[in-house]
Amino acid sequence: MTGRALVLGGGGITGIAWQLGILTGLQEAGTDLTGADLIVGTSAGSVVGAQLTSGTPLADLFARQLRPVDGEVAMRLPMSAIARIGLAMFTERDPDRGRARIGRVAHSSARSSLTERREVMRQRLTSHSWPDADLRITAVNARTGRREVFRRGGPASLVDAVNASCAVPGVWPPVPIGGHLYIDGGMYSPANADLAEGYDRVVVLAPIGRGLGPMRSPADELAQLPSAPESIVVTPGEDAVAAIGRNRLDPARRAPSAEAGRAQAAAERSTVAQVWGN
């Protein structure tokens, strides 16, 4: 298999905004990543991937990030949930068992109803149907701890797949799909860049560049691909980190994160263009 893959990682509502910002800045500079042969979306990246393949112009998607926030729910990951997630990740030798423990945390500590959260996701997406493009969305089975990859023709609607991929344990409820419950795909990997295996050019946008516990970083995942693609991992620069702030789930940080991503594109454009082949 050959072609170009765009991998979009997790990182909360600010991660959505930063990724749309950097994609916009790159497009304005002459490097358009939206026509990738494969798009992999994890958590925040699943929202971006669904938006990019919806037919809505990127400029419009970016403009939406700058508008006053409406329909979003301000949240913060509780310290108690952070402690329980960390304990599961660092003490279980079997990563699947660790993620299954996190699934139990998610089931018992959600701070929002499934109906409320699904409506937020519907409003974020500009299309609710799976695209013709090859879009793959990751989530984690809350019972087994194993990764699931949703795509067109599978058991999940687009809205439910994205909702599952974004179901941060301790904040949002697990999402039922096909008789199973699913949580945030970022509990398996910050970006799931290994799904780009077989593609010869890979760009990863990773709002979170490091894994939790035994997770591999996006860079490590790419380094271990047998196909050894031309690749780059782009993470938030210093100004973007400041714009994103400490709470990645804060809707008030959306516009600054988008603007910071757009500005960062100037520094990334040359290297990204070389990897992308234009």
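Glycine too: its Cβ is placed from the backbone N, Cα and C atoms.
Per TrEMBL, the listed range annotated as motif 'GXSXG' is 41-45 (candidates: 41-45, 111-115, 226-230).
Long-range C-beta contacts of Asp184 (active site, proton acceptor), restricted to its own chain and to partners at least six residues apart, with a cutoff below 8 Å, comprise Gly10, Ser43, Ala139, Val140, Ala164, Ser165, Cys166, Ala167, Val168, Pro169, Trp172. Non-local neighbours of the motif 'GXGXXG' (10-15) in the same chain are 42-45, 72, 168, 184-186, 190-191, 206-208, 243-245, 247-251, 253-254, 257; each lies 6+ residues outside the stretch with a CB under 8 Å from one of its CB atoms. The number of other Cβ atoms within 10 Å of the Cβ belonging to Ser43 (active site, nucleophile), over all protein chains shown, comes to 34. In this structure, Asp184 (active site, proton acceptor) is part of a beta strand by DSSP. In the predicted structure, the motif 'GXGXXG' (10-15) carries a mean pLDDT of 97. Counting residues per DSSP class in helix, strand and coil order gives 2 helix, 2 strand, 1 coil for the motif 'GXSXG' (41-45).
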